[in-house]
Amino acid sequence: MSLRFVIGRAGSGKSTLCLHEVQEELKQRPRGETILYLVPEQMTFQTQQALIGSEDVRGSIRAQVFSFSRLAWKVLQEVGGASRLHIDEAGVHMLLRKIVESRKDGLSVFQKAAEQNGFFEHLGSMIAEFKRYNVTPSNVYEMWQQLDAHSSSAEQKLLANKVYDLQLLYDDFERALIGKYLDSEDYLQLLVEKLPQSEYVKGAEVYIDGFHSFSPQELEIVRQLMICGARVTITLTIDEKTLAQPVNELDLFYETTLTYEKIKQVAREEKIEIEKTIPLMEQPRFHSPALAHLEMHYEARPNEKFHGEASVTIHTAANLRAEVEGVAREIRRLVAEENYRYRDIAVLLRNGESYYDVMRTLFTDYNIPHFIDEKRPMSHHPLVECIRSALEIISGNWRYDAVFRCVKTELLYPLDVRKETMREEMDEFENYCLAYGVQGKRWTSEDPWMYRRYRSLDDTNGMITDSEREMEEKINRLRDVVRTPVIRMQKRLKRAGTVMQMCEAVYLFLEELDVPKKLEALRIRAEENGDFLFATDHEQVWEEVMSLLDTFVEMLGEEKMSLSMFTDVMSTGLEALQFANIPPSLDQVLIANIDRSRLSNVKATFVIGVNEGVIPAAPMDEGMLSDEERDVLSAAGIELAPTTRQTLLEEQFVMYQMVTRATEKLYISCPLADEEGKTLLASSFIKKIKRMFPDVKDTFITNDVNDLSRLEQISYVATPEVTLSYVMQQLQTWKRYGFEGNLDFWWDVYNFYVTSDEWKQKSSRVLSSLFYRNRAQKLSTAVSRDLYGDKIKGSVSRMELFNRCAYAHFAQHGLSLRERDIFKLDAPDIGELFHAALKRIADRLLRENRTWADLSIKECEHLSAVVIEEIAPLLQRQILLSSNRHFYLKQKLQQIIFRTSIILREHAKSSGFVPVDLEVPFGMGGTGSLPPMEFSLPNGVKMEVVGRIDRVDKAEDENGTFLRIIDYKSSSKALDLTEVYYGLALQMLTYLDVVTSNAQTWMKKGGTASPAGVLYFHIHNPIVEVKGDASEAEIEKEILKKFKMKGLVLGDADVVRLMDNKLSTGSSDIISAGLKKDGSFSARSSIASEQEFNVLQKYVHHTFENIGKDITEGVIDIAPYKKGNKAACTFCNFKSVCQFDESLEDNQFRTLKDMKDSEAMEKIREEVGGE
């Protein structure tokens, strides 16, 4: 029994010496004693390859490469102890979830923390750390007693409570494992116990290579190997000079020096012979003098400079994507020009979450075979999502999001259906569920779902059309596709008495859905597309899910568990599942994390993402215990993993390892911006390398080839997929600035695309965008007639929409596009309710031959409640009755109608105008409808403007009959003559024209009526600010002012007094007008003469004719208006359709100049030739 150290700096040949010794021994004595070659998990594959890589050794039974966990499995297979069930990380998390849920009420710190994402991952890591450092539950309990007895500050009490919680959970976890299960850390503890019994290990030659430190648990294994084996050889990366000096925590080799001393101490304790250390002083790894210099003088202060040509390259990139593309181009150059194999190249990085997706895309585009050494979670795989969402459906009462997350996995689809068709149907089905607010018991009820197109509150026709019946049948068929398998599982879960029966319910759910066959189809399709890595995912995920169910049953099978806890535990297990990474080929670029990689035999290393805070890493205090808490535990004798401070001290060694992996070339790069454009800083580490290699230039990498010389641009011509974007870049330059001399070879590249049989069609789609103009071509007369017909019938709102943006009109009325209907109460629904409520009250008053003035406050309140109760079941598929929240909203809307009724009562008392008709249709056909506003357009097309007028009021005096329009609005609005001029506000003047043109409808003896005005009535329940001693009458007066109607009224003092009979001088509280003492109107009055009203009505006719002409002639310009801070695009539903983009020359707003009313009126006169 002996111990031997092989030490040396990085690249000194430690591993090579050990491998040569083993290979020589195998040649001399192929059937001798066992040779164990122990390496970290990440090194096992490459070490096995190196061991049998010589021509003299093609295979071996005597020598085996192991990791600690693999050796444990081997020994336990030999001597026993492996019969207990192994639980993996997912099983550990599930067991911990169950323990936490059962212990929740007794936990102090972790009761709420358990609901946070990642909690069980941290808890599992903490328990694993306890085990690796030989800390038992009793040790933790003793620590708690000690802390609890001496806790005085809040921080100390928090730590004591945290340690108490950890002790409870750790103890429960260990009790659950005893005699039945083994987790990964238990294997190592069992290995320590069983090694003395192993004949396989007894007398073995042991090599331990590639480690820099050992946990206490691993150190115990090393102890037993020294006792049982013939000789143990351990390699450590240490400079021999370091061993001759006192241990200094700032030394580069501090960590490995401590490891060296610990192992020697173990050897002394066990009286193991310590052989003479073998120091290796040469640098055989490095074929480059520069890399040898970097390794030898890495820690020197001040930095030792290397002059001359160096094989170290530094790049600064404009952004992350440019950096990765630069790496890809250089890899292709090394392979093409310097005869590198892809396996000779490695890319090292730390913040993989920022890089991996970009690297997958770009390396694929550059045709670079690559393998990313990272564990990918299974949580996004359709199978995992299907199980998780299906359980959420059941435990969460069939919520919309859970249902359609499950649907979109496509595993609920029948096996024999065409997926494309099913997707389209499910999209329609989802739209129905959104529109009808389907959730909860409606899914499980046997009552068939109804389908009716929602039209209006007045539509009480119960007849169902054929198309509605057909849609109804489809919806109920799709409902059964979705709900039937889930309901079956739901019933089984409710009947289940044990966890085993609940797991069986999940398994039967998957089996009845034919999930194995569906996953096989996905695997075949992935292989056909060349995605071999992802093809294996579908096999792995089924095996892992089955293993998870088996583990669940083995651990908790006979226990009873609530559905909610079962869902939580299952979800925790599913979240922990990960894909095993199996390299699909041997010749590929390895992409690995700096902290986990153990590279060897690479010629070129690319270290990317070398930014401040990343390399070296910024301090990160994460996990269950903070650094301060770890220090407290360490002072009390509990050794745990290194603190952040210790980790930072080890960072220099990590970076030293990072830059000494390559034998020939080292590339270091950093981006100056991330994918979102956020600024990043270069690391201080790059400055250090620059000081060591002052002759090395920092090369800037950009995506814009225009900034480069012709020779540099040639390197950007790579694969056809990649180069196409740069061709586009050059052609854009040509288009903007004309031909330049350095574009000539790009024309050759362009010619390749347009003449290549393979690329001609593909490139044409991309190259056509060069001449892309986001301009809507005018429709032909034939197409316009097909879309709109020979007779146009449209509302005033439609005409206004055309003037806001012709393309929006085309999208809505030509293509009939609309947003999907959502089961929610929007402003239009509320507006519709207000109109309907006020109409019902007014209709009742007309039937009873009463006016608003006749109502009492109590009657206003009663009628408001009655009409809201009548309307609520009719509005938006009974939305106001669908939930407590909507019921509360119904009460608020009732209060608004009540307040509005009171104001209408006050208005009626003060006014000579009375409502004579409500919701007056024109051009709608049927009894009671006024005729439409008709136009014969120059191209022969007939156009009718139709609509519905909220309220028509009439007043009479000795001067004649006057009619006015009242329009109810749920938001404040005034009539802007500038908007009238631009055709954006035509509604009120159109209504006034219609009623005055058909005045005989409301005249007892026939005759004509004059226009009295148009007013907007704002329906709301305002809040007013008053002094604390204000009387009730003063408060009511202030409220009345908030309801002042804005608009345009006839400039006749008598007519204005008819609207507000309390007005003598001053401003009216009812309308936007006021009188001076001399009887003239105040400056702020919104008035127009009768002649001006006539001009406005002529202008409205003129505008409609122009709109009709443009519609029928196919005008669909993408030309939205902009006036001040108002723009057509602000609330437009079709922005994603027109893709209006101000950065394009063709896409600019029609900027409308704001004008005073007098200026606008003058322009209107000019247009119609009015006086």
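Backbone N, Cα and C define each Cβ position, glycine as well.
Summarising the annotation, Swiss-Prot assigns ATP binding site to Gly8, Arg9, Ala10, Gly11, Ser12, Gly13, Lys14, Ser15. Swiss-Prot lists Cys805, Cys1129, Cys1132, Cys1138 with the feature [4Fe-4S] cluster binding site, giving sequence analysis as the kind of evidence. Positions annotated as domain 'UvrD-like helicase ATP-binding' by Swiss-Prot: 1-343. Annotation source Swiss-Prot lists domain 'UvrD-like helicase C-terminal' at 281-587, citing sequence analysis.
Swiss-Prot feature annotations superimposed on the structure.
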| residue | record | DSSP (3 states) |
| --- | --- | --- |
| Arg9 | ATP binding site | coil |
| Lys14 | ATP binding site | helix |
| Cys805 | [4Fe-4S] cluster binding site | coil |
| Cys1132 | [4Fe-4S] cluster binding site | coil |
| Cys1138 | [4Fe-4S] cluster binding site | helix |
Output field, ATP shell: CB within 8 Å of site CB centroid, site Gly8, Arg9, Ala10, Gly11, Ser12, Gly13, Lys14, Ser15 dropped: Thr16, Thr237, Leu280, Gln283, Pro284, Arg285
Whole-number Å value for how far Cys1129 ([4Fe-4S] cluster binding site) lies from Ala10 (ATP binding site) (Cα to Cα): 63
For Arg9 (ATP binding site), the number of other Cβ atoms found within 10 Å of its own Cβ: 25
Protein Cβ atoms within 10 Å of Cys1132 ([4Fe-4S] cluster binding site), excluding its own: 20
Integer Å distance between the CA atoms belonging to Cys1129 ([4Fe-4S] cluster binding site) and Ser15 (ATP binding site): 68
Residues near Cys805 ([4Fe-4S] cluster binding site) in space but at least six apart in sequence (CB under 8 A): Ile1118, Ala1119, Pro1120, Tyr1121, Ala1128, Cys1129, Cys1132
Inter-residue C-alpha distance, Arg9 (ATP binding site) and Cys1138 ([4Fe-4S] cluster binding site) (nearest angstrom): 64
Residue with minimal Cβ packing [other Cβ atoms within 10 Å] among the binding-site residues Gly8, Gly11, Gly13: Gly13
Cβ within 8 Å of the mean position of the Cβ atoms of Cys805, Cys1129, Cys1132, Cys1138: remaining residues of the chain near [4Fe-4S] cluster: Arg804, Tyr807, Ala808, Ile1118, Pro1120, Ala1128, Phe1134, Lys1135, Phe1140
Separation of alpha carbons, Cys1138 ([4Fe-4S] cluster binding site) and Gly11 (ATP binding site) (Å): 62
Local Cβ density at Ser12 (ATP binding site) - other Cβ atoms counted within 10 Å: 24
